Amino acid sequence: MAHLIRHKLTNKLTNAAHTVSNKSQAKVSGVFARLGFQAATDEEGLGFAECDDLDYDYRQGMQMDVLQGDDEGGRMEGEGEFEGDSHYQRDGAGRRPSSMKTGGSLDEDKPRITTWDAGWNVTNAIQGMFVLGLPYAILHGGYLGLFLIIFAAVVCCYTGKILIACLYEENEDGIKERVRDSYVDVANACCAPRFPTLGGHVVNVAQIIELVMTCILYVVVSGNLMYNSFPGFPVSQKAWSVVATIALLPCAFLTNLKSVSKFSLLCTVAHFIINVMVIAYCLSRAREWAWEKVKFYIDVKKFPISIGIIVFSYTSQIFLPSLEGNMQKPSEFHCMLEWSHIAACVLKGLFALVAYLTWADTTKEVITDNLPSTIRAVVNIFLVAKALLSYPLPFFAAVEVLEKSFFQDGGRALFPDCYGPGGKLKSWGLGLRIALVVFTMLMAVFVPHFALLMGLTGSLTGAGLCFLLPSLFHLKLQWRNLLWHHVFFDVAIFVIGGICAVSGFIHSIEGLIEAFRDNIPD
């Protein structure tokens, strides 16, 4: 009995010494964190001190203290709900996501998507309506434009992978754990501890611009397609855009996308049929294909716009973190991303080349405008229906980002909450949503140039979200784990992406100014 008491006292004294040591180390770590060397807090250090104590007790055979251990374990588990949720990140800060908590997380009960479902979602994002502008990119880039379609697919696939890698950190056992949930979390971790929210604000602004510009492009393409489908009608493209916006006003009343999601599969199938129809018509004129028109020269003024068009058609990085987090088998994410980008690259390249060979120098910004009038009307009506049904998705996403940033930021919002008791949208909140719909209409009316707007958006936000930020975040958060070729790829992508973004943005602005100055037709 005396031996047992002496053994227990020895262990308790040893544990106390370890706890004091770990607390001291945590305080030193906190000092270094404030100096910018390591983003660890005192609470994080204390959380790991508790974990070390539990691990030490287990390894030293303290199972004999069952009753006392249960009592202490319950106390520590209760504390863990507050302090144990903080996690160690070399360059990030913040709380452990809810999916990382133990004790029956609600996230574990959420339905997960299969690898095929994830691949379908990525394919929908990068194989949408905006492929209609790719033949126009070949017009100004020739074979280099085709190479760029392949290059953009490879780079966007790679940056998607490294963006997901930034969601993970190694724990004390060397096992990777998911410690971040979104693009915004990655950006905030990259800017911590000095500017813990700056990165999130930058990403949110880029997301809002891209989503709103996507809505504008849907209105522009709807007006363009209707105008070219019925050229005999005394209605201008701008007037058709207004008509399309009237049909889109109910989007302001959306509170969820459950009703809209029912049409997603139908829209995708319709778009696939339309692509097949266009390619079938082009193949019927294969004998007239103008191979000699496809050259290696580029239009120096127009080709940077083509770069933006191609990059914008591959943008999917915004929702990849959420997609990977909801997969049944996250380990298959890389394989899924590779095959979806390979399929998109092949289909886009064939569509762009075949369409350009058919119409050569007369290729228009929206390729369906080149079809004969008998086929064009049918195809364009289907495309307009798809555009109008696709509009609510980016619109609702933009509204959510705006509401969370300005109206629902946990008491730190600039404006009062736009939702009343019971989650009912207030009248002035509804007015702001309607104003956003009207804003997309006004932009479509005054800037009705599909390819130029698409190139501008791709250069401004597409290159940033797909090229610049993922490579920069990867270098910052995973620096200690990178091999030399990873560093080389990240730096090369950042430099090339920066050059393409700046040149594309400048030339897109110049193209818009020239279009207004010379009154170029819509």
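Here the Cβ of each residue, glycine as well, is placed from N, Cα and C on the backbone.
It is 205-227, from the ranges 136-158, 205-227, that TrEMBL records as transmembrane segment.
The range from 180-199, 340-359 that TrEMBL describes as transmembrane segment is residues 340-359.
Looking at the stretches 16-38, 453-475, the one that TrEMBL records under the feature transmembrane segment is 453-475. By the Cβ criterion (under 8 Å, sequence separation of 6 or more), the transmembrane segment (487-509) is not in contact with the transmembrane segment (239-257), since fewer than 3 such pairs are found. Contacts between the transmembrane segment (453-475) and the transmembrane segment (340-359): absent, as fewer than 3 C-beta pairs lie under 8 angstroms at sequence separation of six or more. Remote same-chain partners of the transmembrane segment (430-447), defined as residues 6 or more beyond its termini with a Cβ less than 8 Å from a stretch Cβ, comprise 212, 215-216, 219-220, 223, 238, 241-242, 245, 248-249, 251-253, 395, 398-399, 402, 418, 453, 512. Looking at which of 239-257, 263-283, 303-320 has the most CB pairs under 8 Å to the transmembrane segment (340-359), the answer is the stretch 263-283.
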